[in-house]
Structure formats: structure tokens, C-alpha cells
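Annotated ATP binding site per Swiss-Prot: Gly123, Thr124, His125, Gly126, Lys127, Thr128, Thr129, in sequence order, evidence recorded as sequence analysis.
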Amino acid sequence: MVESQKAMPQPKMGRIRRIHFVGIGGVGMCGIAEVLLNLGYEVSGSDLKASPVTERLESFGAEIFVGHRAENAATADVLVVSSAINPANPEVATALERRIPVVPRAEMLAELMRYRHGVAVAGTHGKTTTTSLLASVFAAGGLDPTFVIGGRLTAAGTNAQLGTSRYLIAEADESDASFLHLQPMVAVVTNIDADHMATYEGDFNKLKKTFVEFLHNLPFYGLAVMCLDDPVVREILPQVKRPTVTYGFSEEADIRAINVRQQGMQTHFTVLRRDREPLEVSVNMPGNHNVLNALATIAIATDEGITDEAIVQGLSGFQGVGRRFQVYGELPVEGGSVMLVDDYGHHPTEVAAVIKAVRGGWPSRRLVIVYQPHRYSRTRDLYDDFVQVLGDANVLLLMEVYPAGEEPIPGADSRQLCHSIRQRGKLDPIYIERGAELAPLVKPLLRAGDILLCQGAGDVGGLAPQLMKSPLFAGAKQEKSK
């Protein structure tokens with residue numbers, strides 16, 4: 001039985017009243033800004049362009065500047081920046097000149113977490129979905145958590161919310177090692193994979209050691225929740241000197257799933273926990289990777305005393321996260337329609353998991369993928385993996401690499417990827433010129449019953465809504481909210 005969790009008043013940050021975010025529209029920044037607005041702070045922020053995110057923050061009282069200029073930061077008591085912000089940014093330069101503190105976003109998140117019962121979700125893949133599932137289950141258990149998520153939680157219509165309880169659930173970002181700022185009570189490690197390796201000087205051992213260091217930020221009475229199915233997590237487990245709970249499909253796991261059945265968008269499975277009755281669970285997401293995300297959630301909810309009824313309710317009622325296998329609707333084609341799906345996956349492991357989920361849930365349907373690689377460096381470092389995984393589509397269209405501020409790297413572009421995939425002999429990918437309209441290219445390739453997946457972390461994210469509105473797909477049916 002969960003005890004009533006009274007909200008703990010957030011102590012004020014000394015003389016800080018006005019907080020300025022450089023790049024406030026970013027997915028990692030806007031959520032923290034929204035929570036701070038709800039706590040009563042004055043919030044301002046700048047970004048290169050206005051967006052629905054900045055408009056939402058403006059409606060809550062934030063002052064938004066389009067473009068980066070020195071005067072934007074002139075009245076701030078502190079600047080919050082992400083790792084994407086150049087140190088030469090005029091607002092940052094002005095703050096440093098005026099001795100205004102400049103802090104990374106993770107340090108501000110850590111400040112919000114300092115006086116709360118923090119639950120931090122780390123791992124190369126699955127952070128956003130696991131964090132979102134936790135928010136849903138905690139809410140179903142009556143705990144009303146504060147949450148900061150790297151994606152839009154469909155049920156809440158936002159990626160952040162100030163709750164009334166002492167719980168704060170957030171993603172822990174390893175991409176720039178900033179998760180070391182966090183000192184949670186509970187930490188999850190979903191998996192550890194080679195990504196963002198420039199942060200770790202190309203040394204995978206350094207990445208592993210940093211995850212261990214993150215887990216040792218837990219107090220001695222905290223809890224590390226670790227996926228035993230991931231070989232790297234299993235490898236570092238003996239080094240973790242904190243209480244641990246393991247989860248996975250492995251028979252050795254403390255909390256494990258058996259009897260997994262996938263039916264389209266729904267996945268059903270049985271959960272086995274030590275010294276407890278089996279639990280029958282359903283989630284509205286396809287794929288074994290989402291079963292693992294649900295198991296991490298169940299492990300924490302069980303430890304926090306949330307009832308089985310609330311766990312089942314929170315998982316079955318979960319409505320998903322924006323761009324995580326988000327079904328937009330049906331596009332009309334000759335003889336029927338095509339299911340249009342949008343997904344954020346931008347690492348070969350994530351692409352493979354989604355392809356496997358599609359094959360499991362819709363085994364008789366063709367999979368047409370429009371994919372945009374994210375960063376030249378990632379494309380270079382994981383090139384062979386991309387070639388192998390993307391070659392498993394039935395039809396593949398490749399957009400040019402989304403640079404994310406990087407300069408092109410010879411041999412790490414989408415034309416070269418097309419060439420390498422073609423050489424495997426399984427399919428003939430189509431290269432999409434930068435700026436080309438997608439609808440006329442993709443429509444002739446589609447057949448009734450296909451699944452059309454738009455995938456990647458760049459501007460490919462705008463394609464699904466564009467296709468829904470395209471005159472070439474007049475009569476497209478929008479997916480109804482659950």
C-alpha cells in the first residue's frame with residue numbers, strides 16, 4: 001500500500017529569480033523551463049525560430065526571443081545551456097562577461113531533483129518510453145509525480161509537468177555525460193551501446209565507467225534497476241556497490257517477462273517477480289524492447305509500493321509518446337490504404353528493434369521506410385550496422401544526413417549508404433535529394449496494406465504530418481486519440 005506522499009515545497013534558489021534558457025525550444029530544455037515557470041520563477045529563452053514548443057511556453061508566461069542576441073540575457077540571474085550551444089554564443093559570452101552563472105541543463109535538473117525523490121532513467125535506448133511509462137504508472141497509483149521527458153507524453157499533451165508529490169521522474173542524458181550531475185534515489189540503466197562516443201574520446205570502457213559512476217551517485221539506500229538482458233549492463237553489474245534489482249527475459253532476472261504475445265499495436269505478457277503472484281500485463285506498444293521498458297517500470301513501481309492494480313492500469317492505459325512508433329493514420333492508395341508511422345529511432349539498434357516489432361505485429365505486411373541518418377559522425381562510426389539493418393526493409397528511401405551542426409564527412413553520407421546497401425543485393429534504395437518533396441516519390445512505391453515508417457531524429461520528423469495533408473493523399477484518415 002502506497003503511503004500518502006505530501007508535496008515537499010521546492011526551496012528557492014537563493015537570489016535567483018529570472019532564469020534564461022539558450023535554445024529553449026530544445027526537447028531537453030523546454031520541459032525544465034515549464035516546471036520552473038510552474039514553480040513561480042521568471043523564465044525567458046531564445047531559439048533560432050518560433051515553434052509550437054516556444055508558443056506553449058509563452059502562453060505560460062515565458063518571454064521568448066527569436067534569435068540569439070547579447071541583450072536577451074542582460075537581465076538574467078542565471079543562464080541554462082545545453083551541450084548543443086556554442087560557447088561563442090553572444091548570450092553566453094555576455095553572461096560570462098557580466099559574471100552571470102552559466103549552467104548546463106542537467107545541473108538545473110539536478111537542482112529540481114535535489115529536494116525530491118528522484119527517479120532517473122539512463123541508457124542508450126528506451127529512456128523516453130520508460131520515463132513516460134513511469135509517469136503513467138505513478139499517476140495511476142495516485143502519486144502525481146513531477147516529470148521531465150524527452151518526448152511529448154500523449155495523455156498529458158506535454159513533455160513536463162509539475163506534480164504535487166515528492167517524486168520527480170526524469171531522463172538522465174549520457175550523450176554529454178551530464179547525467180553525472182544528478183543524484184537520484186532510484187536509477188534505471190536500460191542498456192549501454194556505442195553512441196555519442198566523441199564525449200568518451202572513442203573509448204567504450206570510459207563510457208561503461210561513466211555509467212558506473214552515475215549509479216554511485218545513488219545514496220547507499222537507493223536502488224539501481226538494471227536490464228540483465230543487455231550484455232554490457234550485465235558486465236558492469238558486479239562493479240555497482242548499491243542495492244540492485246534486475247529485469248529482463250533472462251531466467252536470472254529478479255523481474256522477468258514470459259508468454260509474450262504481440263497483436264498489432266498491443267503486446268501482452270506475464271510478469272514473474274520473486275515472492276509475488278504472476279502479473280498479467282498489456283501495453284499499447286509493439287515489440288520486445290517495449291516489454292523491457294515496461295519491466296523497468298514494474299520493478300520501480302513494485303519497490304515504491306504501488307499496487308498491482310495500479311501498475312496494470314497505468315501500463316494498459318498508456319497512450320504513447322510523440323514520435324515513438326506513433327501511428328499518424330491511414331494514407332489512401334489504390335485498392336486500400338497504408339498505415340503511416342513516425343518514429344524517432346536514429347541508432348541501428350533502435351531501427352532493428354522497430355523492424356522486429358513490425359515483423360512481429362504485422363507479419364504479412366510490407367515495410368516501406370523513409371529514413372534520415374542523424375549526424376555524419378554517427379553514420380561513419382556505425383556505418384556497417386546501418387547498412388545491415390536498413391537493408392532489412394522491403395522498400396527503402398534515404399534522405400540526406402541531418403548534420404546537427406556537423407560538417408560533412410567523406411563516405412558517411414546517404415548516397416554512399418545507398419550504394420553499400422545496394423551492393424548487398426537485397427534491395428535497391430532510393431536517394432532523396434535534399435529539399436525534394438516526398439509524396440510524389442513515395443506514392444508510386446506503396447501498395448495496399450503496407451506500413452510506411454518515417455524514421456530518424458532530424459527534419460524527417462515533419463514528414464508524417466506533411467503526408468497526411470498532401471493533396472496526393474486526399475482523404476487520409478487521422479489516427480483517433482486513444
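Including glycine, each Cβ sits where the backbone N, Cα and C put it.
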Those residues of the chain, 6+ apart, with a Cβ under 8 Å from that of Thr124 (ATP binding site): Glu174, Thr190, Asn191, Ile192, Asp193, Asp195, His347, Thr349
Secondary structure at Thr124 (ATP binding site), reduced by DSSP to three states: coil
Neighbours of Gly123, Thr124, His125, Gly126, Lys127, Thr128, Thr129 excl. site residues, C-beta within 8 Å of centre, ATP: Val121, Thr130, Thr190, Asn191, Asn293
Among Thr128, Thr129, which are binding-site residues, the residue with the most C-beta atoms within 10 angstroms of its C-beta: Thr129
Position of peak Cβ density within 10 Å, selected from the binding-site residues His125, Lys127: Lys127
Spatial neighbours, same chain, of Gly123 (ATP binding site) - Cβ under 8 Å, 6+ residues apart: Thr130, Glu174, Val188, Val189, Thr190, Asn191, Ile192, Cys227
Number of other Cβ atoms within 10 Å of the Cβ of Gly126 (ATP binding site) across all protein chains: 24
